[in-house]
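This report refers to the structure that appears directly beneath it.
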Amino acid sequence: MKPLHNRIRKSALILIASVILLGGMYLIPLPYYLKEPGDLEALAPRITVENGHKNEQGSFYLTTVLSSKLNVYNWIASFFRDDVQIEKAKDVKGGLTDEEYSFLLRHMMSTSQQNAIIAGLKEAGVTVPAHHKGVFVTSIIPESNLANKLDVGDVITAVDGQPTRKASDMIDYIRHKKAGEAVSLSYRHRDNDHTESVKLIQLPSGKPGLGIMPEDEYAINPPRNVTIEASDIGGPSAGLMFSLEVYSQTLPNYDLTRGYQIAGTGALDIQGNVQQIGGIRDKIVAAHAAGIDIFFAPADVKPGDSNTKDILDEAKKRGYKITIVPVKSTHEAVAYLRKLTPKS
């Protein structure tokens, strides 16, 4: 009986060790992120325009990319798939902490919604007032003298007592200073106001600066209330598709979808211009799986832009027949759809 008892004990120990090992493979993160095609989300259920309509024969969809911290388990699994990418954590988050990165993604989503409301209503002939509130800090370089003073998400409201409602205001003021010169910054941190004295640094461009990536912070007051439910999604890339759904619902008795299943991606600036995004190869894979007819993508305009090239290459490589439409603005996307023959 003793040899049997020993074998059972040995088997139990091996089983326990295996469970611990597998658990460790799943729980211990590696300094990488795994990105893969996400879901498509219909926008009519998520967006409501006051006194608007939802009588669409087709649908607008936003596209997502799933991003998760890499562990040994999903790293091994990735070898058996051709639709995933592995990226270094520093390339995904820069120098941000997990908390800062999540905060930044939420801010980007909030900004994309505001820009989409402005663009969609403007295209329908409705002006949306925007009130600039300051300069949002999206990142801080390690060499900056603000690295241990400000956090990502803080909003700079004045420099040397001069209001900085826009990033351009702040940049114009600082460019007349010299590296090493101190300025007084007024800023808002978690709804509390603070003031700090900080010395400017010399940027790689040779110009004086704070060593931050600034972005305009503003609030809007649309004459027609628009609600967008997207608390479970982060980042800026849904802006274009939000704006098309807002526009379609705003116009009485007009269906901008023309009966088609329409997906796409692209960040929007406050003027309604479409900007480049990440993960576009994953998004065309998800669109194909969902049976999409038309896919809007950011047009390649500036040197270094590659969204249009990347998505066309991916579609060709996989043999997809989706109609891919590069656009520079919400206006261009609307104009394209208005010319379409309604789908029968």
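Glycine residues also receive a Cβ, built from the backbone N, Cα and C atoms like all the rest.
Features of the protein shown, as given by TrEMBL:
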type: ACT_SITE; residues: S237; note: active site
type: ACT_SITE; residues: K283; note: active site
type: DOMAIN; residues: 125-191; note: domain 'PDZ'
type: DOMAIN; residues: 230-340; note: domain 'Lon proteolytic'
type: TRANSMEM; residues: 12-34; note: transmembrane segment
Around the Cβ of S237 (active site), the count of other Cβ atoms that are within 10 Å: 28
Long-range Cβ environment of K283 (active site), under 8 Å and at least 6 residues apart: P37, T63, T64, V65, A263, T265, F295, I311
Summary of DSSP states over the domain 'Lon proteolytic' (230-340), given as helix, strand and coil counts: 43 helix, 20 strand, 48 coil
The domain 'PDZ' (125-191) - residue tally per DSSP class, helix then strand then coil: 8 helix, 26 strand, 33 coil
